[in-house]
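Report on the structure given below.
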Amino acid sequence: MSEDRRQDGQRHQTEPEMAAEPSRPDMSTHAGPHEHHSAEHESVIGRVRHWLAHLGHSHEVGAAIDPALAGSERGIWALKVSIAGLGLTALFQLVIALLSGSAALLADTVHNIGDAATSIPLWIAFSLSRRRPTPQYPYGYGRAEDLAGVIIVLVILASAVIAGYESVSKLLDPRPMTHLWWVGAAAIVGFLGNEAVAGYRIRVGKQIESAALVADGQHARIDGLTSLAVLGGVIGTAAGFPILDPLIGLGITVAILFILKDTTVSVVRRLMDAVEPEIRARLERAAAGTPGVHDVHDLRVRWLGHTLHAELHITVDEDLPTRESHRIAEEVRHRLLHAEPRLVAVFVHVDPCGHGGRDPHDITAHHQGTR
């Protein structure tokens with residue numbers, strides 16, 4: 001397999017066990033030149049027809065990268081909307097918090113600003129993930145999205161520290177809250193703004209399978225609920241119990257810490273290459289159901305950002321020609337691609353079946369402990 005092909009998308013590879021690498025099947029029907037369409041392409045309608053005629057089935061490099069690019073584009077757009085929505089919400093809340101002296105509202109405002117700030121590293125990560133693999137980064141830049149999750153965790157932690165400090169400061173040095181009606185209105189605006197952003201982030205995150213974006217959406221949803229808690233401080237102050245304001249600020253700090261725990265677990269799982277059991281089971285069923293495959297083993301699947309990479313071993317008859325073994329392996333990867341839309345890279349290793357009791361991996365058996 002050529003070095004250029006590995007670098008240009010490191011698409012789904014196959015490695016027959018007992019022979020040299022087979023020649024690749026003719027993919028000209030998907031990716032080759034189409035001189036017979038040249039006249040038609042001269043018109044706009046012809047170009048559209050040609051584009052539509054080649055959509056939807058190729059599993060070559062372009063088709064492999066397009067879903068990842070589309071997911072990154074949608075993620076970036078969701079983040080742009082999030083920054084705008086949370087930015088306006090936080091600005092309105094900040095003005096009211098400074099005028100009123102509400103610790104609870106200030107804590108919620110700081111958290112909302114932090115929530116908007118977490119969109120920046122995710123934006124950078126989505127932009128990086130659109131780059132093609134290189135010799136230095138042969139798996140691409142999808143891991144940048146997972147690293148952005150670490151930054152999100154640190155931002156949430158900073159929000160908790162700042163919110164807690166402000167609340168304790170107001171508890172030890174009480175200051176009167178003014179503009180109660182404005183504070184109440186700001187709390188309601190905070191809830192509505194956060195809930196709108198949360199719903200959008202979670203919806204897009206689930207569609208593109210981005211754990212970081214979904215977690216950030218859940219983060220915004222909890223922020224919206226804590227904004228409503230500020231109303232408790234307003235009610236307490238109006239009823240003659242101003243101490244409720246810093247106490248609710250401390251409650252918001254605790255809520256942030258719970259969010260921090262959940263987000264940390266999600267980020268660590270991705271960094272440790274954890275994958276959902278149902279995804280692995282679905283891919284294993286798809287591979288095992290391929291005609292000519294006797295066994296499927298050593299299946300490994302992992303997330304890189306919002307895309308999946310997989311590798312597996314299949315067992316076929318040892319007497320099959322190399323070309324036929326390769327064809328079966330190609331069919332396996334084809335089935336896996338249709339079984340899991342977020343799968344962008346598959347490596348299929350072919351083992352012989354019926355080898356007279358000998359392990360085909362005898363020569364490397366003493367290295368198995370280091371795999």
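Along the chain as shown, the residues are counted starting at 1.
Keep in mind that glycine also has a Cβ here, set from the backbone N, Cα and C atoms.
If you check TrEMBL, you get these features:
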type	residues	note
COMPBIAS	1-15	compositional bias 'Basic and acidic residues'
COMPBIAS	32-41	compositional bias 'Basic and acidic residues'
DOMAIN	79-272	domain 'Cation efflux protein transmembrane'
DOMAIN	276-353	domain 'Cation efflux protein cytoplasmic'
REGION	1-41	region 'Disordered'
TRANSMEM	77-99	transmembrane segment
TRANSMEM	147-168	transmembrane segment
TRANSMEM	180-202	transmembrane segment
TRANSMEM	247-268	transmembrane segment
Residues of the parent chain within Cβ reach of the transmembrane segment (180-202), under 8 Å, 6 or more residues beyond its termini: 78, 81-82, 85-86, 88-89, 92-93, 96-97, 99-100, 102, 105, 108-109, 112, 115, 213-214, 216-221, 223-225, 227-231, 233-234, 237-238
Cβ-Cβ under 8 Å with the transmembrane segment (147-168): same-chain residues at least 6 beyond its ends: 103-104, 106-108, 110-111, 114-115, 117-118, 121-122, 124-125, 211-212, 215-216, 219, 246-247, 249-250, 252-253, 256-257, 259-260, 263-264, 266-267, 270-271
For the domain 'Cation efflux protein cytoplasmic' (276-353), residues assigned helix / strand / coil by DSSP: 30 helix, 32 strand, 16 coil
